[in-house]
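Swiss-Prot annotations:
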- 134: active site (ACT_SITE)
- 91, 133, 137: Fe cation binding site (BINDING)
């Protein structure tokens with residue numbers, strides 16, 4: 001099942017997502033994760049957080065660019081270096097906008113997998129960018145909040161148009 005992506009202006013994208021309880025992790029939950037993966041690939045994304053499909057839970061899925069898929073539940077991210085990297089980011093929830101964001105180059109990612117088992121791994125370079133971007137969604141933060149003031153001014157009109165379209169669609173569906 002492919003979910004509809006929530007766009008900039010939707011309230012769910014500004015909320016702090018709730019933790020997943022261990023008791024919630026079952027076959028139905030794993031099917032939900034598979035549907036998230038399908039949605040991510042169908043929309044040409046490299047990551048997708050649950051709030052982006054209207055589910056305020058601490059879950060994201062991502063592909064490291066080499067075909068290695070992760071299904072991440074209740075993530076904790078710890079920077080492992082002060083060295084940063086700047087990477088041009090985009091977001092399925094903020095279509096058509098790509099801007100450079102500076103983030104730690106290497107992080108420790110702790111999470112539960114789709115079976116409720118604890119996983120710890122080091123994410124570097126591109127994967128570090130992806131997991132930090134997706135984790136921000138779980139805290140109600142979009143990448144456009146992390147760009148320079150000048151870059152924000154340059155995209156203000158595009159953002160206003162996305163928000164206006166989101167509001168129009170929401171009103172049509174009510």
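Including glycine, each Cβ sits where the backbone N, Cα and C put it.
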All-chain count of other Cβ atoms within 10 Å of residue 91 (Fe cation binding site): 25
Residues that sit under 8 angstroms from residue 133 (Fe cation binding site) by C-beta distance, when 6+ apart in the chain: 47, 89, 91, 101, 103, 143
91, 133, 137 excluded, remaining Cβ within 8 Å of their centroid (Fe cation): 47, 49, 52, 89, 92, 93, 134, 136, 142, 143
Cβ neighbour count within 10 Å of the residue listed as 'active site': 27
Residues near residue 137 (Fe cation binding site) in space but at least six apart in sequence (CB under 8 A): 13, 17, 49, 51, 52, 60, 93
